[in-house]
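So that you can see what the record holds, here are the features copied from Swiss-Prot:
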REPEAT    54-98  repeat 'WD 1'
REPEAT    101-142  repeat 'WD 2'
REPEAT    145-184  repeat 'WD 3'
REPEAT    232-275  repeat 'WD 4'
REPEAT    320-359  repeat 'WD 5'
REPEAT    362-401  repeat 'WD 6'
REPEAT    405-444  repeat 'WD 7'
REPEAT    449-488  repeat 'WD 8'
REPEAT    490-529  repeat 'WD 9'
REPEAT    533-572  repeat 'WD 10'
REPEAT    575-614  repeat 'WD 11'
Amino acid sequence: MAEPLVLNSVIGFGGAIENGLIAHPDGRTIIYPLGSTIVLRDRADPRSQEFLQGHSDKVSCLALSRSGRYLASGQITYMGFTADIIIWDLESKQLIHRMALHKVKVQALDFSCDERFLASLGGQDDNALVLWDVASGNAICGSPCNTNFTNCVKFFNNSPDKLITAGNFNMNVWTYDAGNNKLRPTDATLGTLKRVFKSVVVDANDEYAYCGTTTGDVLQIALERVLFKNTGPAKGNVQMGVTATCEVPTGDILVGGGDGSLQLLRKMPALAGTKVEGAITSIALADMNARGFTFFVGTAMCNIYKPATSRLKEELVQTAHNDKINGMAFPNEYSEVFATCGTGFIRLWHLTTCRELLRIAVPNLECFCIAFTTDGSAILSGWSDGKIRAFGPQSGKIIFTINDAHQKAVTAIASTADSSRILSGGEEGMVRVWRIGRTSQTLEASMKDHKGPVNCIRIKGSGDECVSASSDGSCILWDLHTFKRRTSLFANTFFKSVVYHPDESQLVTAGTDRKVTYWDAYDGNAIRIIDGSDLDEVNALAVDRDGEALVSGGGDKLVKLWGYDEGHCYFVGVAHSGAITAVGVTPDKQRIVSVGTEGGIFIWDYQRPQTLADI
């Protein structure tokens, strides 16, 4: 039976989830989702993290009780299935209740002021409002919402039996009738106004609700009679809609926009403003002092900002990929930094502190593969426009570009041991060798045998041989002196990844047939075939520098650590909520890094498998 792989730290933030960033009242912790995992992070130290794991799919919403004792989280699931709501005890970090009523998705959650009730809102396929008893985890009562879609739910701050919901052209104030065990709605009177509401905040005295709309205005609703009172900002609407709202202790309203703008409103005129990268999806008030207040802002670009004081001067606290990560790479014999690539960005990270060291932006293009030159002088990358771009690892400035390196996208790249040549693989099936001079990049050879995209290229330490893995069901070993095929490996699969054993006598491949196959590197015969996954394809492989352990990851979202010689899975890491696209073992054998389609970077403690010598 495989043991769990210990998750050391995570780089990532589910920025697209509305109100997904929460500041805990203890003054030390911020809470946010990443895929199916909930991260509890120390504000000052990004490496000080704890994880709540219990969801089977992506977390869709979070809510924290007023005292900070309880955390509720909802998830999204497959069509036709019920989505779980989990209540966590944050003191013990334990799961208290798991509740399921809503179909497909839990849209929003909120605790009552006395922490007795939890309100949950179903997604588009469910659209029901349910009231839960926090102590027992049982549903108390429920009601279908408006015929149109409802986006958000918020309890009053002083009345535990009153709450407000708002959505597409609808707004209701609900009162819980305990005697009859019913939720009774009151429609808001908005006159001729028609709005799609994205966020709701109730003021401290329960007098007014402030509702952000896709039109870009904020409506002030008098809650006693549920009547439209005022609108703002006074000097024009927020571009791309109001996506997040929050009341600060002074009674002013913080408004975040889809264009990344942040404004502080007092009686609807704007007092101050700033702009951040990405649509603002959550605003979390942290603390208040004599000079002003502190809060955190989460954006759809997966950035977390901390604008300090009432003048809104922002500081970037944390950043992450906002889309799938296609590849990752370590420099040769150096474990402190690693690079990742995805749509529009290459990022360089510091492993120990989990901080971004460098961000290279190439807008509107996707980077499919990344590698360091062996001497560490350049970051090599292959792009969707068929170009190979090399960047300086410290400056981020472009060193050279090979235009039209491939007819289609560049899907695989590698550097020889002397850094004098680059090998690249293309979506059209070509493997090309490039001579890199001081001022020139010359095509040495173009090897055409593959009929499908080249997904991975590895070069032998001596530099006289390489192997390319392709979606056409073949891996080809090439002689880099004659540029001819030495031998081929065939299987009924799309090969996704290939690695050499450190002694280079064997190759290991993985692909869509869910098998991990060992091959003799000289004659191309299969030596051993093991089941890499029970459910889905295996996308990524890595071997440690001594050849003791093999690490795999794929569509089953599991990181598996195998004993290389025995072919036995000793450790399994569970944290990803999307397919794993790349894995790597640090050269010092202390950590394993995995990246996936959810945009998260997961750092695991390396565990040495039991070898034949230990038995």
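Including glycine, each Cβ sits where the backbone N, Cα and C put it.
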Task: Long-range Cβ neighbours of the repeat 'WD 11' (575-614) (under 8 Å; 6 or more residues past either end) - done: 3, 5-12, 14, 34-37, 51, 53, 55, 57-58, 302, 320-330, 332-335, 338, 340, 342, 349, 351, 354, 536, 539-546, 548-549, 551-555, 557-559, 561-566, 568
Open item on the list: Using DSSP, what is the helix/strand/coil residue split across the repeat 'WD 8' (449-488)?
Closed with: 0 helix, 22 strand, 18 coil
Open item on the list: Checking distant contacts: for the repeat 'WD 4' (232-275), what same-chain residues at least six beyond its ends satisfy Cβ-Cβ under 8 A?
Closed with: 18-19, 198-204, 210-218, 220, 281-285, 288, 293, 295, 297, 299, 307, 310-314
Task: Outside the repeat 'WD 9' (490-529), six or more residues from its ends: residues with CB under 8 Å to it - done: 452, 455-456, 458, 460-461, 467-475, 477, 535-543, 545-547, 550, 552, 554, 562, 564, 567
Task: Confidence summary for the repeat 'WD 9' (490-529), mean pLDDT rounded - done: 93
